[in-house]
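Under the heading (6S)-NADPHX binding site, TrEMBL lists G68, N69, G70, G71, G72, G138, Y139, G140, L141, A142, G143, R144, D167. Positions annotated as K(+) binding site by TrEMBL: N69, D134, S170. Annotation comment: TrEMBL describes 22-219 as domain 'YjeF N-terminal'.
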Amino acid sequence: MTTERFRTSAGVDVPAVTAETMRRVDRVAVDDVGIELLQMMENAGRTLAARVFDVGGSSALVVAGNGGNGGGGLACARHLANHDVDVSVVLDRAPEELTGAAARQHRILREMGVSSQVGPEPVSETGPVDVVVDALIGYGLAGRVREPAEALIRETNRHDAPVISLDVPSGIDATTGETLGDAVRPDRTVTLALPKTGLEGRAEPLFLADIGIPRAVYDRLDIEYENPFGRGFWVELRS
Ligand SMILES: NC(=O)C1=CN([C@@H]2O[C@H](COP(=O)(O)OP(=O)(O)OC[C@H]3O[C@@H](n4cnc5c(N)ncnc54)[C@H](O)[C@@H]3O)[C@@H](O)[C@H]2O)[C@@H](O)CC1
Ligand SMILES: [K+]
């Protein structure tokens with residue numbers, strides 16, 4: 001289902017989707033069209049890194065979970081490190097407990113010599129950083145936020161540095177915008193492929209990142225889609 005609409009500064013309408021529809025988009029992209037999850041995640045991580053460069057500074061803290069959102073954040077951490085940003089990573093679990101794409105992204109970071117810490121305390125103990133990347137939970141939030149994620153969210157909100165959330169602020173329901181427990185209060189959000197219905201009406205700036213999903217995917221799902229990116233790879237949206 002697509003309901004709310006967002007608009008680019010060039011006047012292109014962009015439909016918003018529920019978490020369920022976005023999951024379908026992802027499934028059609030992977031299963032029917034043959035785009036790998038890691039390909040999309042690479043685009044997500046790189047565009048997110050570019051928005052971190054906009055904020056400026058030379059150090060960043062990436063707070064990552066174990067799903068696709070965390071995987072995108074860890075890919076972003078790699079791009080930041082490749083561009084001489086001093087990156088620290090805080091995870092919501094031990095690295096050995098990471099699975100799937102997040103585990104793969106983390107393994108690369110380890111080979112690069114980027115270290116990670118676990119648990120809420122390191123978020124406040126890391127010391128000053130120029131920007132915090134929130135990649136704890138995306139549209140996969142299920143139910144009320146549990147510990148230790150909730151404590152990580154609280155510590156992220158306590159941080160002095162500007163916060164950029166990946167896809168949706170962690171802790172908000174991507175479909176309804178409801179907060180189930182604590183939620184990250186970002187200074188900006190970079191959402192992926194299509195805006196989520198739960199982002200409508202939020203005050204912070206919202207950017208849409210192109211993760212390489214072709215129109216054919218949207219056509220198969222009867223989602224009305226006009227390329228909002230023009231010749232670029234991201235665009236700012238207003239609801
Ligand atoms: N096309 C795609 O599928 C892509 C998806 N991407 C990202 O993947 C995300 C969706 O990935 P997933 O479906 O893996 O889900 P998420 O990564 O959004 O959520 C799963 C993570 O959240 C935690 N979590 C869920 N509910 C929780 C709760 N109540 N309390 C505490 N922790 C909770 C889980 O333990 C897990 O770590 C998107 O938001 C997006 O950021 C991108 O990486 C790129 C491509
Ligand atoms: K997030």
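Yeah, the Cβs are placed from backbone N, Cα and C, and that goes for glycine too.
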Filtered binding-site residues, from G68, Y139, L141, G143, whose Cβ is under 6 Å from an atom of ligand 2: none
Number of other Cβ atoms within 10 Å of the Cβ of S170 (K(+) binding site) across all protein chains: 29
Cβ-based isolation winner (fewest other Cβ atoms within 10 Å) among the binding-site residues D134, D167: D167
Cβ-Cβ distance under 8 Å to N69 (K(+) binding site), same chain, at least six residues away: A135, L136, I137, G138, Y139, G140, L166, D167, S170
Number of Cβ atoms other than its own within 10 Å, given for L141 ((6S)-NADPHX binding site): 26
For the K(+) site built from N69, D134, S170, further residues of that chain with CB within 8 A of the site's CB center: V63, A64, G65, G70, G73, A135, L136, I137, G138, S165, L166, D167, V168, P169, G171, V184
Residue with minimal Cβ packing [other Cβ atoms within 10 Å] among the binding-site residues G72, G143: G143
Spatial neighbours of G70 ((6S)-NADPHX binding site) that are distant in sequence (at least 6 apart) but have CB under 8 A: A64, L91, D92, L98, A102, Q105, A135, L136
